[in-house]
Amino acid sequence: MVSPGLDLELSFSQALQGFGFSPEVARLLWLPLPMLLVLVAAVVGVLVSVWLERKISAAVQQRIGPEYAGALGVLQPLADGLKLLVKEDIIPARADSLLFTLGPVLVVVPVIISWLIIPFGQNLLISNVGVGIFLWISFSSIQPIGLLMSGYASNNKYSLLGGLRAAAQSISYEIPLALAVLAIVMMTNSLSTVDIVGQQTGAGILSWNIWRQPVGFLIFWICALAECERLPFDLPEAEEELVAGYQTEYAGMKFALFYLAGYINLVLSAVLVSVLYLGGWGFPIPVEWLAGWLNQPIDAPLVQVITGTVGIVMTVLKAYLLVFVAILLRWTTPRVRIDQLLDLGWKFLLPLSLVNLLVTAALKLAFPVAFGG
């Protein structure tokens, strides 16, 4: 049995009503909070990821890395952000200023909005719309438009080539990514991220989808790295060929938005892998045992707080383990050529994801208990 955990909206409403606010006013005050929580979670995730990348990269190269900005350099990402914030915002003379400004916004906004459907507990998510996976795929398809727009509007050959590469890469890897997720949806009979995690809670770690979908897991992770433009798939901004790709003409906060979107997307992809394949917030011990040890009913506030906290910690730990793997891959794999990138997507991952989907359908019919019949 899974504890219902914390209900953010209900808890917030009850707290305000305790101070004398009416339910209508409490509801009105709740409305702006989800996006604020999403922004805070995304920014904190980026700051932690940037610091980890700097320190892990330094360790791989036998360097110390940042150490002066705060203890162990933990304030270095914040210092970098402040530096970009005060830099001059330059628009090239022959650039399309409207599209040049709109491009970075179209890149970062869909990634931030995608956090709305990420669950950290049974009720510990911003928006349980029931079709969270569909929404995430829809939002992710907007990003290539912003990348191509940025490259085109810069009026620079390197920027345009980088934008075209980014769009081609994103389109090539979105299809096998969606097919890998479709196999999970088929087993769960739901597009809800909450239902997908709930389906993995029956037998602890043995219930995780990674054991039933090992091929789908690998397809999803490879495609996620390509969508995030991480090595070995960072062709849109290959320094030796394209200066900085679609980012070449950008400076200041517009450049920072690309930087921000890349790391938010990396953390988002890692959290989604945790949710889809690694049991999400899955509690390491039965909730009934915890409630009995605390001598509390299973729906007691204390039990809910503990299970909610542990659920968040479990989800974040699994996600940052994958971020650690992505950072190591940056320094241990060479960049692929553009023809190799497209061949991998269209000639290998796409057929493999189709076969994986068909095999999952067959196993669902043959073994309905194990594969969600």
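Keep in mind that glycine also has a Cβ here, set from the backbone N, Cα and C atoms.
Checked against Swiss-Prot, the range among 246-266, 267-287 recorded as transmembrane segment is 267-287. If you look at the transmembrane segment (129-149), the same-chain residues 6 or more away from its ends with a CB under 8 A from one of its CBs are 99, 102-107, 110-111, 113-114, 116-117, 163-164, 166-167, 170-171, 174, 177-178, 181, 184-185, 190-194, 196, 227, 236, 246, 261, 265, 272.
If you look at the transmembrane segment (98-118) against the transmembrane segment (348-368), you find fewer than three C-beta pairs under 8 angstroms, all six or more positions apart, and that falls short of contact. For the transmembrane segment (205-225), the residues of the chain that approach it from at least six positions outside its boundaries are 173-174, 176-177, 179-181, 183-184, 187, 196, 199, 233, 269-270, 272-273, 276-279, 282, 322, 326, 329, 344-345, 349, 352-353, 356, 360, 363, 370-371, judged by C-beta separation under 8 angstroms.
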